[in-house]
Amino acid sequence: MKIDGAAYRTIWPAEDGRSVSIIDQTRLPHDFAVVSLTTLDEAAHAIRAMLVRGAPLIGATAAYGMALAMRADAGDAALERAHATLLATRPTAINLRWALDRVRAKLAPLPPAARAEAALIEADLIADEDVAINQAIGEHGAALIRAAAAEKGPDEPVNVLTHCNAGWLATVDWGTALAPIYVAFEEGIRLHVWVDETRPRNQGASLTAWELNHHGVPHTVVADNVGGHLMQHGMVDLCIVGTDRTTAGGDVCNKIGTYLKALAAHDNGVPFYVALPSPTIDWGIEDGVRDIPIEQRDGREVSEMTGRTADGRVETVRITPDGSPVANYAFDVTPARLVTGLITERGLCPASRAGLLTLFPEQR
Ligand SMILES: CSC[C@H]1O[C@H](OP(=O)(O)O)[C@H](O)[C@@H]1O
């Protein structure tokens with residue numbers, strides 16, 4: 001996507017393959033900083049500390065992390081250690097394991113001397129495929145916004161609610177849930193986005209709002225608990241969210257709070273769509289509530305807030321009493337029955353195994 005006229009991806013390798021550059025998303029929206037990763041451990045830290053985040057971008061970063069690891073030591077033990085180190089960074093997004101398994105499968109049969117270059121080639125492929133997948137999701141999802149626009153008056157925008165950040169910052173480029181919004185916006189369709197702030201990491205307030213601001217897309221940041229009220233008052237035409245892991249049965253794991261938004265949408269007859277790149281499908285499980293590991297992160301993400309002071313300093317403050325314990329569940333699972341449809345790179349389908357298999361028959 002463009003930032004002040006300059007085209008960016010969220011991650012890109014140096015010409016010599018010795019480093020990989022990322023946008024440090026922990027510093028947005030107040031500072032735009034590019035960080036260079038040169039080692040396996042730096043790549044692992046970037047994922048664990050959420051300098052990069054979002055299921056597809058986590059996968060791409062892990063793939064490049066394997067390439068950096070192989071430059072240092074390409075032996076069999078080092079290959080396994082790199083896979084294990086990166087896999088341990090975050091448990092929920094399936095793209096992490098998908099990317100690591102794919103790169104390891106490519107490298108294992110090769111002589112160590114060939115592994116660094118092969119890993120870099122595979123990581124580049126994963127990144128380029130992600131961009132193409134997301135562009136296709138954008139095209140397929142834009143049809144939903146076009147259809148909603150046809151029901152509106154000439155001056156009435158289509159109101160889309162989204163949760164967390166499933167924009168280009170969550171992927172290599174284009175995004176998943178925001179891709180249909182970008183495509184529809186570029187076509188000239190009048191639209192407006194309700195942006196859930198998405199406590200506690202505020203990916204909506206800090207990242208989605210930043211993206212939409214830079215792209216000129218009309219939007220309003222709201223507290224997470226506002227969405228149900230908006231839906232009750234006919235102020236949301238459809239919801240589009242991302243996912244970190246969707247089961248073969250159509251259960252959708254996404255940022256904490258998504259399930260509550262889906263319940264409100266269901267109760268108010270608001271269509272609830274999930275943008276789903278195929279690497280985010282976990283074909284090995286059906287029951288998401290039972291089987292998807294839900295990350296629990298440091299409680300300080302809940303008990304503290306970081307922001308910019310009036311005189312421009314970025315400060316962190318505590319918002320809970322010192323003695324209060326804190327729980328920080330990072331994801332929840334929306335059962336397939338609450339999902340209107342899945343927007344994949346191959347088109348839309350119902351949130352079910354049968355629906356997914358119509359688009360991905362090779363998985364039968
Ligand atoms: C397109 S994946 C976006 C997905 O990832 C986010 O989680 P996190 O920021 O913790 O990596 C969130 O669940 C988004 O919907």
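From the backbone N, Cα and C atoms, a Cβ is placed for every residue, glycine too.
Because TrEMBL annotations are produced automatically, they should be read as predictions rather than curated entries.
Remember, it's a predicted structure, so these values are computed and weren't measured experimentally.
Gln203 is the residue from Gln135, Gln203 that TrEMBL records in the substrate site together with Arg53, Gly54, Ala55, Arg90, Asn254, Lys255. Recorded residues Cys164 (site 'Transition state stabilizer') and Gln203 (substrate binding site) have their alpha carbons 5 Å apart, per Cα-Cα distance. Of the residues the record lists as binding substrate, namely Arg53, Gly54, Ala55, Arg90, Gln203, Asn254, Lys255, the two whose Cα atoms sit farthest apart are 17 Å from each other. Ligand 1 lies under 6 Å from the Cβ of the following binding-site residues, listed in sequence order from Gly54, Arg90, Asn254: Gly54, Asn254.
The Cβ centroid of Arg53, Gly54, Ala55, Arg90, Gln203, Asn254, Lys255 marks the substrate site; residues of that chain outside this set whose Cβ lies within 8 Å of it are Ile58, Thr92, Ala93, Cys164, Asn165, Ala166, Ala170, Gly242, Asp244, Phe331, given in sequence order. Taking Cβ-Cβ distances under 8 Å and a sequence gap of 6 or more within the same chain, the neighbours of Gln203 (substrate binding site) are Arg53, Cys164, Asn165, Ala170, Lys255. The most crowded of the binding-site residues listed here (Arg90, Lys255) is Lys255, judged by how many other CB atoms sit within 10 Å of its own CB.
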